[in-house]
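Visitor: So Swiss-Prot lists these for the protein:
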type	residues	note
ACT_SITE	Glu92	active site, proton acceptor
DOMAIN	98-336	domain 'Radical SAM core'
DISULFID	Cys105-Cys341	disulfide bond
BINDING	Cys112, Cys116, Cys119	[4Fe-4S] cluster binding site
BINDING	Gly164, Glu165, Ser196, Ser219, Leu220, His221, Asn297	S-adenosyl-L-methionine binding site
ACT_SITE	Cys341	active site, S-methylcysteine intermediate
Amino acid sequence: MSKESIYGLTMAQLTDWLMERGHKKFRATQVWDWLYRKRVTTFAEMTNVNKDCLQLLEDHFAIETMSEHVRQESKDGTIKFLFRLQDGNLIETVLMRHKYGFSVCVTTQVGCNIGCSFCASGLLTKNRDLSSGEIVEQIMKVQFHLDQVGKEERVSHVVVMGIGEPFDNFQNTVDFLEIIKDHKGLAIGARHITVSTSGLAHKIYEFADLKLQVNLAVSLHAPNNELRSRIMKINKAFPIEKLMDSINYYIEKTNRRVTYEYILIKDVNDHKEEALQLAELIGDKRHLSYVNLIPYNPVDEHSQYQRSEPEAISQFFDTLKKKGINCGVRLEHGTDIDAACGQLRSKQEKKKVKVN
């Protein structure tokens, strides 16, 4: 039977777990330090923790529950990791290098059921949720890589934008955020963390009430219901009116800016008309809104969709700017590897099917 990842415990949970079994509170602090500051990969390396405590941890938990299966490195320094989980499933994690530090994009589910018509992640439907420990371990695996190559750098930013819908795995995602923010551990600043949702409106309300101080991004991709329902089936459950109500609640509750992700697809959602509709949709919340324009990464299985022409991207950007909307065109990473989210995993799963 597979052991639970120790990375899945918050500091409070680890403390309670050890104290319930007769150990002093300071033991949890020691273990936490070994895990996240000294970054050991075995319990035996925790030299100042007594043998009884180490044996208890060894009997119940694992530090490593996934292994590197494939790694792709881009000329721009982006690295895409494909990790194999204990049950044989594969997940993607991406390391991106920026002027301001190292950012990691994590996955929250094995597959995705949101079913956006342009996305590689949904080519393989959801198998299961990841545990909070499996999400944290993605960060640790990337940090181990940075340690090994001697960069003397740390993961400074996290985006929860990999395969899956984070708000469909809500509690594990929230626990993950608490663990990586802990100031005695990885100490990743809340304002350096962004969680992206396809628009589960009821969970946006819940997320707002938690006041976590992390950034929220919403995958919008269309400014009206007719178009959004056509390319994102989630819109049928949470149409734009409901989605915007939840976003407005989030803004009022947190006074934090919301980022709207908008993938530009040629002749689908990249016209001036859509840019004007988007500006109108954001309306008087423009001071706490930012539109992230993303040139589409073509996917073989969705050949009906193509990247917008540079002229269309410029026109869309200029139209938003003239309407007073804060926006930018996302700097691309890993264009010479399987850049689209879910692309590498999908290719590897197809290879497994052919072999079998």
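Using N, Cα and C of the backbone, Cβ positions are placed for all residues, glycine too.
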Visitor: In whole Å, how far does the CA atom of Asn297 (S-adenosyl-L-methionine binding site) lie from that of Cys119 ([4Fe-4S] cluster binding site)?
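Guide: Taking the Cα atoms only, Asn297 (S-adenosyl-L-methionine binding site) lies 9 Å from Cys119 ([4Fe-4S] cluster binding site).
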Visitor: Pick from Cys105, Leu220: which of these recorded positions has the biggest number of other Cβ atoms within 10 Å of its Cβ?
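Guide: Of the recorded positions Cys105, Leu220, the most buried by Cβ count within 10 Å is Leu220.
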Visitor: Can you tell which of the recorded positions Glu92, Cys112, Cys116, Cys119 lies nearest to Glu165 (S-adenosyl-L-methionine binding site) in space, using Cα positions?
Guide: Cys112
Visitor: Find the longest CA to CA distance in the recorded S-adenosyl-L-methionine-binding set Gly164, Glu165, Ser196, Ser219, Leu220, His221, Asn297; express it in Å as a whole number.
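Guide: So the binding residues stretch over 19 Å, Cα to Cα.
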Visitor: Near Cys105 (disulfide bond), which of the recorded positions Glu92, Ser219, Leu220 can be found within 10 Å, Cα to Cα?
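Guide: The recorded positions close to Cys105 (disulfide bond) (Cα within 10 Å), listed in sequence order, are Glu92.
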Visitor: Taking just the CA atoms, what is the gap between Leu220 (S-adenosyl-L-methionine binding site) and Cys119 ([4Fe-4S] cluster binding site) in Å?
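Guide: That comes out at 13 Å between the alpha carbons.
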Visitor: Kindly assign Leu220 (S-adenosyl-L-methionine binding site) to one of the three DSSP-derived states: helix, strand or coil.
Guide: coil
Visitor: What is the separation, in Å, between the Cα atoms of the residue listed as 'active site, proton acceptor' and Cys119 ([4Fe-4S] cluster binding site)?
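Guide: So the alpha carbons of the residue listed as 'active site, proton acceptor' and Cys119 ([4Fe-4S] cluster binding site) sit roughly 14 Å from each other.
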Visitor: Out of Cys112, Cys116, Cys119, the binding-site residues in the record, which is closest to Gly164 (S-adenosyl-L-methionine binding site) when you go by Cα distance?
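Guide: When the Cα distances are compared, Cys112 comes out closest.
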